[in-house]
Amino acid sequence: MSAAAPASAPGAPPAPPPSDGDKDDRLVSVGRVRRLLMTPEVGAGSAAVLVFVGFTLVSPVFASQAGLANFLDPAATMGIMAIAVALLMIGGEFDLSTGVLTGSTALVTALAVTELNMNVWLGILLSLGFALAVGAVNGVMVHLTKLPSFIVTLGMMFVLWGLNYAVTQRLTGQVTVSGVRQYSGYDSARALFGSAVGPFQVSLVWWLLLTAVGAIVLLKSRWGNWIFALGGNSDAARAVGVPVMRVRVGLFMTTAAAAWLVGTLTVIRYGNATVTSGIGLEFYFIIAAVIGGCLLTGGAGSVIGASIGALIFGMVQQGMPLVGLPSEFFRTILGLVLLAAVLVNLWIKKRAMKVTS
Amino acid sequence: MSENPALTAPPDHATTTPVLEVRAITKSFGRVTALRDVTCAVREGEVTCVLGDNGAGKSTFIKTLSGYHAPDSGEMLIDGEPVRFSSPRDALDRGIATVYQDLAIAPLMPVWRNFFLGSEPTRLGMIRTREAKRIVVEEMAKMGISVRDPDQPIGTMSGGERQCVAIARAVYFGARVLILDEPTAALGVRQSGVVLKYVMRARERGLGVIFITHNPNHAYLVGDHFVLLKRGQTVSDMTREETTLRGLAQEMAGGAELEALEHELGRAAQTA
């Protein structure tokens, strides 16, 4: 490791790194501690701690039970989506239809229950089937056409957006479908999707559970290895026998299923669904995933990081008015956090790929 | 006649059955005949170099051997038994592993994840991470490369080392024949040396190696015999004893063609 050695001269062949004698062919080593500090989770985690401490210092109520519940609530639904979106982004794809789909799934459940006099559980299952079908269509189209998923899912987003309005209007004459609470099966569904312990919502449990499951799948299962490879080099993955189509379609179906869960949590908790819900949220999910260390080019990222990204989102959203910052600036602040995170990620990637020679 | 001390005697051609053999294979795409009556064999512990200029049919030849294309006619034999590959996976399952020039790796993924990609060792669906990392270190050590940290992104390795990981991977997963697609084409002199040493290690371990290249210098360093392709046809098939480096280079450049070129360039230089 001759740090003083100059970079290879221009015009020279792709030379081996200048080094000490016969050791030039072994792996370059990066210190484990340094590598740990460079992981996206640590970066996002320190940012989260900083935000939390900052808000608490200005307004101690931020750290009270009510304060915690206040920011953990939006963080939970954001986090559930960010986990799935992070997995998809690590796999090298985007999904812009996720936001609107959280609204669509809630509407499907609400409409099925109220219009068809259906048991709430059946409505929820029907909605799950709908979500998985949407995810499968997204995934299969992206896989077969090789079109950018950005375009394919943008199309899907507008299709769903229009359907949300049109179908709801035509069936009910309204923009909100309410009254789900009166139907059979609601109470048991509420226990799972709409209950709360004190000020803490059950969505928090779903979020933590899915963070754990997502992290284990990504880091420990072969599917996780395939997801990294799909985003890192999908041709290479195919060449060594990874079932590329199944992984890709599976990822789109996972984000759709997460959207279904968020839609279900909403419709059961409030007992109604409205046509405007979910619109525009897809960018928040992507922002949370990127703050957590996902590269837009795929191949790298973290589930835990994405969850921390969602936590930061919740804290900033709820903390700003609390400390006297005008909440109209929320999106501006979020944008700045995103830019900062992207710059840090870029730096991390460069450090990780740098051959110290 | 530089005799390479690393070269041990190749197996006796008369007595051993080639582990992989192709006889008179032909492959056309529309009106273009990419391969015509190409014959080639490789035995265990032997390096067969397939040389050819651009457009000689090397890529089609590799893709036929590795199961991407089925030949239109001709025979492929493994251990003397006729076979037909239905897919690259099929060829791989029969021990024919191909290492492509554009390395099949995901650069940001750790070395060990790349090594086991598609064939992860699992228990109850979970990857046995510790075992996987240990195996990577061991397998690379067997080939003379010390991997200190299998968690290193593979993109941080040099081109030669990445080739070596790809080869080690193929060897570990039970390859009997290694097909190397221009493994030194994109490398500098020193990195090429690493890969060539590695090819010799694979040969010593009893693998048959088909080494595709357009570099006669590299071919002559490791080859036991040499097949020359030109416009999809075998123009010569020589053992190491039957040729020299100069002969090989001459043959490859097309002998007379090279002389003509020398002449032409010489004259151009004079008139300039």
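Placement of Cβ uses the backbone N, Cα and C atoms for every residue, glycine included.
Taken from TrEMBL, the feature compositional bias 'Low complexity' applies to A:1-10.
Positions annotated as region 'Disordered' by TrEMBL: A:1-25.
Marked as transmembrane segment by TrEMBL: A:42-63 (among others).
Look at TrEMBL and you will find A:70-90 (among others) tagged as transmembrane segment. Within the chain, the transmembrane segment (A:70-90) has long-range Cβ neighbours (under 8 A, six or more residues past its boundaries) at 62, 98, 102, 199-201, 203-204, 206-207, 210-211, 214, 217-218, 227-228, 231, 251-252, 254-255, 257-259, 261-262, 265-266, 281, 284-286, 288-290, 292, 294-296, 298-303, 305-307, 309-311, 313-315, 317-319.
If you look up TrEMBL, you'll see A:120-141 (among others) marked as transmembrane segment.
The transmembrane segment annotation in TrEMBL covers A:147-167 (among others).
For the transmembrane segment (A:191-219), the list of distant contacts is 65-66, 69-70, 72-73, 75-77, 79-80, 83-84, 86-87, 90, 124, 227-228, 258, 261, 264-265, 268-269, 302-304, 307, 310: same-chain residues at least six beyond its ends, Cβ to Cβ under 8 Å. Annotated transmembrane segment per TrEMBL: A:191-219 (among others), in sequence order.
According to TrEMBL, the feature transmembrane segment maps to A:249-271 (among others). Counting only same-chain residues 6+ beyond the ends of the transmembrane segment (A:249-271), those with a CB under 8 A from a CB of the stretch are 77, 80-81, 83-85, 87-88, 91, 93, 95, 98-99, 101-110, 120, 124, 127-128, 130-132, 134-136, 138-140, 142-143, 149, 178-181, 186, 189-190, 192-194, 201-203, 206, 210, 223, 227, 230, 277-278.
Among the features that TrEMBL reports, transmembrane segment is placed at A:283-316 (among others).
Positions annotated as transmembrane segment by TrEMBL: A:328-348 (among others). If one looks beyond the transmembrane segment (A:328-348) by at least 6 residues along the same chain, the residues whose Cβ comes under 8 Å of a Cβ in the stretch are 38-40, 43-44, 47, 284, 287, 290-291, 293, 295, 309, 312-313, 316-317, 320.
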Which sequence-distant residues neighbour the transmembrane segment (A:120-141)? Criterion: at least 6 residues beyond either end, Cβ under 8 Å.
95, 97, 101, 104-106, 108-110, 112-113, 147, 149, 152-153, 156, 160, 180, 183-186, 188-189, 193, 248-257, 259-260, 263-264, 268
